[in-house]
Amino acid sequence: VVWVFTVAIVSLGLAAAFAGKWLEEAGPRKVGVVAAFCWGGGYIVGSLGILTHQLWLLYLGYGVIGGCGLGMGYVSPVSTLIRWFPDRRGMATGMAIMGFGGGAMIGTPMKEFFIRMFYRAPEYLGNVSDVNLVTEAGRRFAEISGTLQEVVVIGAAEVRDMTVPGPEGIYLVDTGASGVAETFLVIGLIYLVVMLIAAFSYRIPSEGWRPSGWKEPSPEERGALISSHDVHINEALKTRQFYQLWIVLCFNVTAGIGVLGVARTMITEIFGSSLPHIVDTAFAATYVVMISAFNMVGRFIWASASDFIGRRNTYWIFFLLGIVLYLSIPVAAQQVSASPSMVWLVYFYAATMIIFTMYGGGFATIPAYLADIFGTKYVGGIHGRLLTAWSTAGVLGPLAITSLRQNSVDNAIKDLVEVIQPTAFQAQFGAGFDQLEALVASNTVTISRLMEIVPDGTIDPTSSLYNSTMILMAVLLAIALVSNALMRPVDPKHHLAETRV
């Protein structure tokens, strides 16, 4: 799932780079219509992939086609609203982009509703003690009507993750239905219709339009980093300011997107075993909705605030506060594992919500930052090119969090196995330590299953799986902070010959 999401983000950035320049020529309406067909159509193609078990169709549909729709749908309203609100660029970009961050407030409950509607539970065979199991190549099998059929063993931890929780025990593989394919199809059709209506509603002001009573600020009123000159799209690529802002956006997004993609899993793994009666499936789903809400609010509030405190100062806050919060999360995870308490859950919840306001605020503020540095005439195209930083972050973030988490999982399993009796391991998994690698690869051996047979007093390492990731994110924000601190006005040689009036 993470890598399908990564392909979508890469496609988003590449499509935005193309659509940004095309937007200036074709207008936002055409771009919005194409975005609607790509995004809605991507879901429909993805549903066919899930239904036919063709993974490449899921990558093509949701990842490539849908990702292109995301990119075009993302850039089309930005330059439009900047033209309508030249006096409040930050607020305008916040308005344009806040819907992108807040979409999950509607999308997540809607998807949950349809998945539950179409879900069919897998066939339940009984308790572990009632079924004769065989382990081969790390996978578990049960004899049914004289043939071995693959099964999965579901314990208390796995039951919490089921769409509709069922009893612990043995379930037959390839039975039931997840409901995801049908959900993708319905959601795709809904998105297509809604986005087409929105795209045909686009309007842009006439050339030279200004709000009533507003005049272009004088150079003294603007501030050092707000230019009264325009820079062409191609010329912007020759400036160091473009690449500084690229680093600022890339690392800010990398720090957020890796966590965003696994947010539901992360809060469940950190707090699910320590506070199981609080952090359940419903709690995790609500957490995702709240992320969307704070992401959306952050896009509007931070972008609007940047009109008053300045873009560079806004990013100073993002990076300094972000570094502190990311470094504090491992401390909270360690404390809740040693002594479970609601205090650490509340702190984690608050810290991550602040992080996601700044993640969303970074997206919403960057177009206004670009308009300050390069002028408003070509900001749509320049913004599209800059979104290649999002594509890069779409690879770096998930790669970092999955790689570091997997390394933490492998080390945790190794440490737990060292304290488990061989006979207990054999009884639990039907195989000895010599098959550990195959058992882990097939997901038969997991931390939660090992915790069922470890000696009393053994600390569950699940809550610390993301510690190294949080530290890396803080380092990336430190690099982005330096890039932002070095921002200076564009050299006049890059300006267009005519000054905007």
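Each residue, glycine too, has its Cβ placed from N, Cα and C.
What TrEMBL says about this one:
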- 6-24: transmembrane segment (TRANSMEM)
- 31-50: transmembrane segment (TRANSMEM)
- 56-78: transmembrane segment (TRANSMEM)
- 90-110: transmembrane segment (TRANSMEM)
- 183-202: transmembrane segment (TRANSMEM)
- 242-262: transmembrane segment (TRANSMEM)
- 282-302: transmembrane segment (TRANSMEM)
- 314-333: transmembrane segment (TRANSMEM)
- 345-370: transmembrane segment (TRANSMEM)
- 382-401: transmembrane segment (TRANSMEM)
- 465-486: transmembrane segment (TRANSMEM)
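Contact between the transmembrane segment (382-401) and the transmembrane segment (90-110) is not supported, since fewer than 3 Cβ pairs fall under 8 Å when only residues 6 or more apart in sequence are counted. Only pairs six or more apart in sequence are counted, and the transmembrane segment (183-202) with the transmembrane segment (6-24) gives fewer than three Cβ pairs under 8 Å, not enough to call it a contact. As a quick check, the transmembrane segment (314-333) and the transmembrane segment (6-24) miss the bar of 3 or more Cβ pairs under 8 A, pairs 6 or more apart, so the two do not touch. Between the transmembrane segment (465-486) and the listed ranges 6-24, 90-110, 242-262, 282-302, the one holding the most Cβ pairs under 8 Å is 242-262. Listed as Cβ neighbours of the transmembrane segment (90-110) (distance under 8 Å, sequence separation of 6 or more from its ends, same chain) are residues 74, 77-78, 80-82, 84, 187, 190, 285, 288-289, 291-293, 295-307, 311, 360, 363-368. Cβ atoms under 8 Å from those of the transmembrane segment (242-262) belong to residues 2, 5, 9, 236, 291, 315, 318-319, 322, 326, 352, 355-356, 358-359, 362-363, 366, 369-370, 373-374, 382, 385-390, 392-394, 396-398, 400-402, 405, 469, 473-474, 476-477, 479-480, 483-484, 486-487 of the same chain, restricted to positions at least 6 beyond its ends.
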